[in-house]
């Protein structure tokens, strides 16, 4: 039997239930509107995915099993071993995402504060380590202490607006800076032998499965049909933004493109400095969404889904503190995104939702949902295994904290390679004067 025309509602479940811990009694009675849910999903997708079918499949699995959390769905489908495996993955993915957001905030905001007139770039208080610590204490920790994810709806809207501003800056610099940045010889090669590594990074970016049930439960009268509409809107908006970011960024820097796009821009660029500020604020606004999930996993595994006010605060502080210290030790974003994508995001996106649906659904084998699920499951396995092997054999280069060579017109060690490079860097010198200031 198909789902078309049916309004499936996931019934509440007492065990492994996140409503009691994440949605207050008062807020639960007047759930968030669909627009707030859209902003929460878009914020989760842009900050950290785009997998339309898989998201809908996940909620369908919940409807078939009568569960309303990712953990309870897997527990009902595959028992405690499956539940434990999912809990580990569902904790690691957002936790590593929190680390990556700290790295981004430290990298981008430190360059913003170093541009303040009279500030010494070597000053400890504008360094990435201090920025990570102070932003954690004053910004991400207070936001992460909320118990109700619905309260992040307006924050997600702010994040979406800032993302639009950042996109405008990236497009502007593609037009004004792109022609002056030398293109690599293999700039237009469609794919290389290690292309599967990119799938790992995209898997990291293209996921919000770990908090889908949380957003779903915040809807008024949640149904599969309503969730599908929200997902389709969110996916279209997010896909459009992600494609623009990727295209404009690569057209500007081609083979020199870094894991963190803002590492490619010159520090003297005032417009990009504003973009860095917006970007840093955006990732800090996305951070609490990931912390909600890590805390929920711990609450479900060790506390039966319920956290007292004291444990709520203690666990939140411990999670955020550990993430902060790890991010202080790691400064290369690319490898973090890559490994998190292949080891955590791939099974959460491709393997587990498909496996749950295939085991629960009584649809015929020729049903479209089952056919796609049969394709997604082995795809996830291939990405996970080969992506990890390639990440170890062929790690990404990282130029964290280094000014790119095209920002130094007098760097003769690079510009004397050829006349064309000399001309390009001379043009960049003019660009620095006429555009960046």
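Just so you know, glycine gets a Cβ as well, placed from its N, Cα and C.
Record features (TrEMBL):
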DOMAIN    53-392  domain 'Amino acid transporter transmembrane'
TRANSMEM  80-104  transmembrane segment
TRANSMEM  124-143  transmembrane segment
TRANSMEM  155-175  transmembrane segment
TRANSMEM  195-219  transmembrane segment
TRANSMEM  231-253  transmembrane segment
TRANSMEM  273-289  transmembrane segment
TRANSMEM  310-330  transmembrane segment
TRANSMEM  336-358  transmembrane segment
TRANSMEM  370-393  transmembrane segment
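If you count C-beta pairs under 8 angstroms between the transmembrane segment (310-330) and each of 80-104, 195-219, 231-253, the highest count goes to 80-104. Listed by sequence, the residues of this chain that lie at least six past the ends of the transmembrane segment (124-143) yet keep a Cβ under 8 A from its Cβ atoms are 102-103, 105-107, 109-110, 113-114, 116, 152, 155, 280, 284-285, 287-288, 291, 316-317, 320-321, 324, 327-328, 331, 401. If one looks beyond the transmembrane segment (80-104) by at least 6 residues along the same chain, the residues whose Cβ comes under 8 Å of a Cβ in the stretch are 47-48, 70-71, 74, 132, 135-136, 204, 207, 210-211, 260, 279-280, 283-284, 286-287, 289-291, 293-294, 297-298, 300-301, 319-320, 323-324, 326-327, 330-331, 333, 336-337, 339-340, 343-345, 347-348, 352.
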